[in-house]
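Novice: Handing you this structure, nothing more for now.
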Number of protein chains: 2
Amino acid sequence: MQPLTLPPRLLMGPGPINCYPQVLSAMSTQLVGQYDPTMTSYMNEVMALYRQVFKTQNQQTFLVDGTSRAGIEAALVSCLEPGDKVLIPIFGRFGHLLAEIAERADAQVHTIEVPWGEVFDPQQIEDAIKRVQPKVLAIVQGDTSTTMLQPLEELGAICRAHDVLFYTDATASIAGNPFETDLWQVDAVSVGLQKCLGGPSGSAPISMSGRFVDVVRKRHHVEAGIRDSHHQDAQGQRIRSNYFDLSMIMDYWGEERLNHHTEAATMLFGSRQCAIELLREGQDAVLKRHQMAGNAMLQGIQAMGLRPYGDLKHKMSNVVGVYIPESVNGEQVRHDLLNLFNIEIGTSFGPLKGKVWRIGTMGYNARQDAVLHTLQSLETALRRAGLVLPAGAGVDAAMAVYAGATETRHD
Amino acid sequence: MQPLTLPPRLLMGPGPINCYPQVLSAMSTQLVGQYDPTMTSYMNEVMALYRQVFKTQNQQTFLVDGTSRAGIEAALVSCLEPGDKVLIPIFGRFGHLLAEIAERADAQVHTIEVPWGEVFDPQQIEDAIKRVQPKVLAIVQGDTSTTMLQPLEELGAICRAHDVLFYTDATASIAGNPFETDLWQVDAVSVGLQKCLGGPSGSAPISMSGRFVDVVRKRHHVEAGIRDSHHQDAQGQRIRSNYFDLSMIMDYWGEERLNHHTEAATMLFGSRQCAIELLREGQDAVLKRHQMAGNAMLQGIQAMGLRPYGDLKHKMSNVVGVYIPESVNGEQVRHDLLNLFNIEIGTSFGPLKGKVWRIGTMGYNARQDAVLHTLQSLETALRRAGLVLPAGAGVDAAMAVYAGATETRHD
């Protein structure tokens, strides 16, 4: 029963990452009651902040109380009734996750796949939509399992043309890569805090368009324990989950303030601060900071003679896959980085397990010093593993990226 | 985008309540990675701590990442397959919640009810078990909507005799009222932090017996995205929720450490500290502190001439219902308490709405000073509302309870 004693890790994996210090401070704030006017006014403020984060006018923009996959499940089970068709293009682990969540909801799940390390051409998706005629298209924007970023710009228009709802999971990509809810005509998007937003896992911001909300509202049922005579159930089939029933969560965040769960206030305080950190620095500036750090890491990795994974044209800014050199024990290198330098980089799942490290530059850690420390330490760890590397090539290449950018700014 | 600025409320409602300061501090701790040895060792420690909280040897004791109803839904959807019979004795709002969660899981839900303000005799429950022959008995221990505490001591033996799984939601009661997982033969129990454990909403500790785990394991399926060739699915029907699939959450907390969600580390740090605060003071001492504060509040309320709600023999220690005097506007009194004294007391749901206030003495706030401030302020608010009260009678009666206890300790 000692106080928490954690080592000062620099978290350079695919997430979770180190939180912004201001986010941590916000989470030690003492509570008020869930219907306290100050609390409900902060709930309203959080809705407004995340409308900016998501770049949307959607009224229904709030938090689901759980980790990022809670947001995914809430979106999918609230719109998919048993037997409904959903099309899920899969380009990594999290596409499989969307499919299995939809399967468990007894939706009729249709998937298309590209090899890991690639993304879809919008035409492939439109062809599949024409063939399947789904109610919903569900696709990940950035899949950390492969580091790939699926272009979404054209999918909204395709979905509208075929009367399909367009859901995307932008957990890994939001704030580090462009995302435009309204411009891209996204009907529902959910994220987590633990990547480029610089917070801990445990809260899932979500936003829903009017047409998505209409579908969910058709399944609205009020809980028996708090039902009044004026409550009328909608005609649609009741949503299969109470916890993830977005129609009820809307009632809780909306003017009616109808009790559902007790809001996870500490996570709300953290979510609020994540949005504030993003908006105070500026979304464009944060995006550029991620692109800079990601590019510096990529250039550094390549200058060291290491080979990056996948289609670099479609890599997320905030994570890079690195082939583990054949002569090297990948887990030993990760072990050295952690134990000698307090730096964590990631391993991989599925087909990439044991073959690729994943190195992230996200949120608070999308910083020059974090990139440089990581490259230097990786060089040392690889040298100790017997690899012959050009001394300082990684860190020099990364510094050149930052130096070039600095010059550009002085033009 | 101002820093959080919350008033220093004293939260004397039915929860959430003020957190222990040490819990808030723990939640501002910087993160480590989810598979960092220090993180997994804290996960193991949290399992051990909550075994003590729940008084159990159950290996499968961990956190569900969500509010208390996330724990309820995880327990019910993981054991109930569509068509399975579940018996739910309802004595308040949260009994209705169990029923509606089970209905959404397409279980065959059988309910029995007693009027609000009462609890069940074990014989009533055994009779219903004989009649219904359910797979699961699901019942709330303490229902804050009515302030009642259902005696559970005999239900475990009844369930074993009839081969029924015994689940209970002890969110509102744990730590403020006796709870014995193993002694009472409870098969699954879930709670939240936001009542007598003195933490924020957002984490749901859960514990499961071996026989409950066996039922859940029969439905074990590994996610496609992380499946290896050595993974074999169980024969039972796949659990309908990915997020609440306790068989997968067991894999994540267990030795296999198979990735599921990313653990909500900040909430884990808070949950850990809640358990430590309880165990450091001592479970018996915390129980007595709640009984003392609850009794002082009850005696104070009665001495003021107010009438407590429900069957006082079965009232939870940590919350009391108080009939709103007929001549008084209940919401105006609550408004005065909040705005003049920064004290929150609760309103009520359903049949008690507008008729009963609920006053809690929970966790950090189960303290003499909190009880005295609340009684004094309530007296002032009622006096301002035109009620004629014996001056200081409430606070004097509460002080007498504490004085009597002090004398006893000095014998």
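In case you wondered, yes, glycine gets a Cβ from its N, Cα and C as well.
Features from TrEMBL:
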- B:36-202: domain 'Aminotransferase class V' (DOMAIN)
- B:LYS195: N6-(pyridoxal phosphate)lysine (MOD_RES)
- B:ARG358: substrate binding site (BINDING)
Novice: Compile a sequence-ordered list of residues in the same chain as the residue listed as 'N6-(pyridoxal phosphate)lysine', six or more apart from it, whose Cβ lies below 8 A from its Cβ; state 'none' when nothing qualifies.
Specialist: B:PRO14, B:GLY15, B:PRO16, B:ILE17, B:THR144, B:THR171, B:ALA172, B:SER173, B:ILE174, B:ALA175, B:GLY176, B:ASN318, B:GLY360, B:MET362, B:GLY363
Novice: As a test of reading the model: what is the averaged pLDDT for the domain 'Aminotransferase class V' (B:36-202)?
Specialist: 98
Novice: Please state whether DSSP places B:ARG358 (substrate binding site) in a helix, a strand or coil.
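Specialist: In three-state terms, B:ARG358 (substrate binding site) counts as strand.
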Novice: Do any residues at least six apart in sequence from B:ARG358 (substrate binding site), in the same chain, have a Cβ closer than 8 Å to its Cβ, and if so which, in order?
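Specialist: Within the chain, B:ARG358 (substrate binding site) has Cβ neighbours under 8 Å at B:GLY13, B:PRO14, B:THR144, B:THR147, B:VAL319, B:VAL320, B:GLY321, B:VAL322, B:ILE345, B:GLY346, B:THR347, B:SER348.
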